[in-house]
Amino acid sequence: MNENLFASFATPTMMGLPIVILIIMFPSILFPSPNRLINNRLISIQQWLVQLTSKQMMAIHNSKGQTWTLMLMSLILFIGSTNLLGLLPHSFTPTTQLSMNLGMAIPLWAGTVFMGFRHKTKAALAHFLPQGTPIFLIPMVVIIETISLFIQPVALAVRLTANITAGHLLMHLIGGATLALMSISPSTALITFIILILLTILEFAVAMIQAYVFTLLVSLYLHDNT
């Protein structure tokens, strides 16, 4: 119980050098590319899930938006696998770092916005001033719409960081309480242990849902600008 509550969120190092790059690259080896005429069950399930997700997410896009399919599918696989690996004991979850999430959100958001200004200039500018706005409210509405536009990547990153961090902290607290109660009240420790198991199952769902939500919001931003 004397361990720092935020120790698990510190960037791991080896011989004084940060190894976060190796950790970020590690999930890529979990998705092998098919190199046989007949795939095994694991690769078949993997391809089926990717195709199902891509069809559902890219159905609303036109031909310009569908060019982002590979990037969006790579994004959801990376975030989902990283979140799931972070639930393993003594592991590190890169998506709990706001800097990393901003590093993903800002370039993707900027790409969709630049595409909108390039291909739909009038429509992109029209978002800053909704139709029917009174003349005396035009400056205020333009400022508000500009702020709402620039806050989109921040909201993307903060949403992912907050959800993953909150789940890890709650699991850490309940796990510590379970260990402390084992010598005091075994019956109460059993109850908290059951709660911890249920919370772990919920965190597995949250890890996948947050990957889907992050990618879906990027997809919606892309749809609005293509």
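Every residue number used here counts from 1 along the chain in the order it is shown.
Heads up, the Cβ atoms here are built off N, Cα and C, so glycines get one too.
Database features, via TrEMBL:
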TRANSMEM  6-31  transmembrane segment
TRANSMEM  67-86  transmembrane segment
TRANSMEM  98-117  transmembrane segment
TRANSMEM  137-158  transmembrane segment
TRANSMEM  164-182  transmembrane segment
TRANSMEM  189-222  transmembrane segment
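Scored on C-beta pairs under 8 angstroms, the neighbour of the transmembrane segment (137-158) with the top count among 67-86, 98-117, 164-182, 189-222 is 98-117. Sequence-distant contacts of the transmembrane segment (67-86) (same chain, six or more residues past either end, CB-CB distance under 8 Å): 24, 26-28, 30-31, 50, 53-54, 57-58, 61, 92-96, 104, 108, 160, 164, 168, 204, 206-208, 210-212, 214-215, 218-219, 222.
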